[in-house]
């Protein structure tokens, strides 16, 4: 299991939101490229970038920052989400050196777009499913749909999706532990690898994820915990490596 540091981009800065609310953000750095360097030097093997402005506007806003990070670390797998709603945007990021693009809102509203993207960019597409009480949320979490997460995840199995990033909105940015039972259930219900996201606070939460013994969980995204110092990236990754030998 990989520990994946999150860099959330808002107005060119690195921030964290509480429960997806743009008005409730904390700025952690005005230099996201330097922040990426910090996590790389700390031993991370993958980075999770989110264009928050892009998620709300439906098109890339902080793309220049994403490109700068991808070009600085050409051998580091980078995944980007937020505002990815066209094949042109995916092509732009892939050409810039980004390893994976995360399709969120568009995947819920137009599931056929995921299949189209997977055909055009095989191995490059991740689906981001954000949920509240098991139901998918869209548009920067502003809307909660009547679609169940597990049902939608199964629909993407035949498309060739590389992974699903599952975020429990109620947990995100609250550092109260992630929704392990549902994350494990999702991993068991689909053949697509799952990346857990939202609510990780400390090493105990990583241990709890490992204790779930769900082989389909391949990563855990962490944000506020590593910025506020309650979780150390290198220590958490070492724990995962030891447990999964």
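Note: Cβ is positioned from N, Cα and C throughout, glycine not excepted.
What you are looking at is a predicted structure, and each value in this text was computed from that prediction instead of being measured.
According to Swiss-Prot:
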type: ACT_SITE; residues: 8; note: active site, proton acceptor
type: ACT_SITE; residues: 130; note: active site, proton donor
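In this structure the alpha carbons, written CA, of the residue listed as 'active site, proton donor' and residue 8 (active site, proton acceptor) are 15 Å apart.
According to DSSP, the residue listed as 'active site, proton donor' is assigned to a strand segment.
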